[in-house]
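Student: Below you'll find the structure I mean.
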Amino acid sequence: MEYISSYGLAETSAPLTNPKPPPPKFNLRLAAAVAGAKVQAAAVILGRFNRARAAQLTLPHFVCQTPLFMPVGTQGTIKGLTTSQLEEIGCQIILGNTYHLALRPTSELIDELGGLHNFMNWPRALLTDSGGFQMVSLLHLADITEKGVTFQSPVDGKPMLLTPEESIQIQNRIGADIIMALDDVVKTTITGPRIEEAMYRTLRWIDRCIAAHKRPHEQNLFGIVQGGLDPVLRDICVKGLVERDLPGYAIGGLAGGEDKDSFWRVVAQCTAALPEDKPRYVMGVGYPLDIVVCSALGADMYDCVYPTRTARFGTALIPEGVLKLKHQAMSNDTRPIDPTCECMVCKNYSRAYIHCLVTKDAMGSQLLSYRNLFYMMKFPKGDVPQWVCNAMEVAGIDISLCCTSSCHPKLFVNDQKLLYTKKAHIEDGNGEAIYT
Amino acid sequence: MKFTVKAWSKGGGRAGLLQVGSCSIETPALLLNTRKGLPAFISPDLLSSLPTPDSRLLQFSPLHFSEGISLKTISELGGLHQMLGLHEHVFAAVPRDSTISLPDYQSSNKMGASFETPCGRLLIKPLQYMEMISSMKPNMWATLADEVPAWVSEKRNKASVDRTTGGAVFGSIVGGSKIEERKRCAKEVAERNVSGFCLGGFGLGESMDEHPSLLGAITEILPEDKPRQICGLGLPEEVLQGVAAGIDLFDSTYIYHLTLGGFALTFPLEEIRRHGYGDQLSDTGRDGSKINLKATIYRKDTSPILEGCKCYTCQNHTKAYINHLLNVHEMLAQILLEMYVPSFLPIAVALFPGLVILTRNSCHFSSHNTHHYLGFFRVIREAIKGGTFEEFRQNFVETRRDHILAAALSA
């Protein structure tokens, strides 16, 4: 497909063609050694503010600036937007859902056509989830055993089993820059021994995932910290995962209806205990306020369907909160959605016009999704006014007091210029997440 | 608005130049149908990637704004151009749009014309319609017409026109399938001070064979120096019938329906221009002019919709990807299909070196069905100017008929 190369995929697909994947017996010591040996591109944490950090994450297909937000492109597309629009608004990495992609068009087909990057013509980074969460959230009668997740096939209703090995094999075929280990997901709102069981199972499964991972040089396997809202369980899980020296870590089992006070404590505890030089991804977090809080606590990556889903329902995210464009009051409001915003939608359209499109015409979803993602891409990255920094400093102190482990209040001035100009040296795109 | 006829074909087709504001557009031309002023799926940033000025003509129905936004707000925003941020585009208002604003002649009466819309059945009175026009400020607008006494509403329209001013007025000509009625209406309307004509009442279930005589009878009566627009003729054959009868402006409902059905236009314009597309007859499973991307044969097809096509979609995506998007009902499928102008470029450039600048500026990054149909119109214009339109038309119609026949036989 010659027209793909015009997008510069040639360079990035090079590492995909010359791998000598280590045998499946991949063990932990080896993983550490490989990671150590392969890290050639030195990247730096570009700025710090108490526990918050701005950094550069080098992935096989893109050098990302963190903190970052990953829009969810469930079925190989962000609903209603072209890949060129996504690049234009500054999207660095997209999340694909393994469960959906495995059903249609199937991971085998994606593999045959050169991986998801090629298939959807997205030159930048991709992450796929393990597929386990959709089994639990979308399907009835999902049953989790030591072997894996048993669920009813949506195609013919027969029971099917997703094991950690299979999840990794599917993700290896899809070929995203970051793949996620299969974890045992439980609702944060339940209590009791099930939480403990899920945490230990997640730890047992991570070894099976590591063993099954065939492309460690091109794809970064992230482990997921489970343990509900129990600090002791979380602690065991973090320690267990850190021992395995993975390229990155996710904090899972949150954003499921727990109270915010419990939520931030878990994030604070995990970020404090995770290694400084590895990215930390808080799964399913997407409300702007939550992202600000998690970033202040030292997290780096987020994903959520919220900005695009809420757009399809007619809601715009604005600095003051949300703007419900379906509301009758919008019908004669001639102002732009956000007068301070520079995006194509805010520069051209009034709230009144968007009001007349939303939830009736496809164009309403397209324009609002564009606008909400533009907002999400801009806001965690920078342009943070001084007053917010000041406020967060205070908040940072408040938060750190509650954490058990040490935080480093180095108070290093966040240099915005540095954040935008510093480029990483990507030498050979060897597939390891390089994060310093 | 200024209109000049530049060349005539043997049968009565003509190539002309329509100047509206700073925009000069060659005719026969395609008006892109919109929904509330924007094409159904092409957002404004992508719209600018379609070839200009060909894609600058947008058609809308004022009835689209019957709910959600008041005329007062549209006025406050400064009319359609301002509201949509499309200052360079030419907007043509036609009450009917063939998709969501359909004429409902049975319910029309002396008071006004009736339409079936998503907001229910609307009876629009001429005065109401004029209020819409004066707040939306389109560059061109067709008068409100109903089936029976067309010139009655015409007079009322006219009376309001003098008060409101604004864009160029296109007098509507109706009369259904009755040649006498059509002629009578055309005569009446032609006598009035209008800038152009809008032929309504087509594409409402009449047979395609009726078109040539009906169209011919009407255009014979109309003055030559004014542009003629038509609504409801969409198929390539119908467009060719219209062009042959001297129609200048067409709507793009055809593209919309193709896109919704998952179809992509594939007739090789360059080839057709030279020798028809007879060589392709062996190609079964399609009618030779379009393909259905939902078909399983495209599941693993990593080629673009049309090899060599310069549109955004073909430059960036494969048939396999669009097939997947259609299968999982993703909106991007329609976006990629609606945008899509292809292989007419090489030949157009060869024939008219001056076009190079234009194509380089605009065509590099554009997408599929709209693109392709705009290309079809460009080939038509070149054929008229080159004096080969009649051959082109016959060739095209015959080959497509053969294809359809072959497909039917092999099925």
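Positions of Cβ are set from backbone N, Cα and C atoms, glycine also.
Note that the structure is a prediction, hence the values are computed from the model and not measured.
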Student: Name the residue, out of B:His257, B:His368, B:His403, that TrEMBL lists for the same Zn(2+) site as B:Cys309, B:Cys311, B:Cys314, please.
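Tutor: Record check against TrEMBL: Zn(2+) site with B:Cys309, B:Cys311, B:Cys314, extra candidate from B:His257, B:His368, B:His403 is B:His368.
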Student: Including all protein chains displayed, how many Cβ atoms other than that of B:His368 (Zn(2+) binding site) lie within 10 Å of its Cβ?
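Tutor: The Cβ of B:His368 (Zn(2+) binding site) has 31 Cβ neighbours within 10 Å.
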Student: For each of B:Cys309, B:Cys311, B:Cys314, count the other CB atoms within 10 A of its CB; which of these binding-site residues has the top count?
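Tutor: For the binding-site residues B:Cys309, B:Cys311, B:Cys314, the Cβ with the most other Cβ atoms within 10 Å is B:Cys311.
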Student: When DSSP states are folded down to helix, strand and coil, where does B:His368 (Zn(2+) binding site) land?
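Tutor: B:His368 (Zn(2+) binding site) sits in a helix per DSSP.
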Student: For the domain 'tRNA-guanine(15) transglycosylase-like' (B:366-400), what's the model's average pLDDT?
Tutor: 89
Student: Where does B:Cys309 (Zn(2+) binding site) sit by DSSP, helix, strand or coil?
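Tutor: In three-state terms, B:Cys309 (Zn(2+) binding site) counts as coil.
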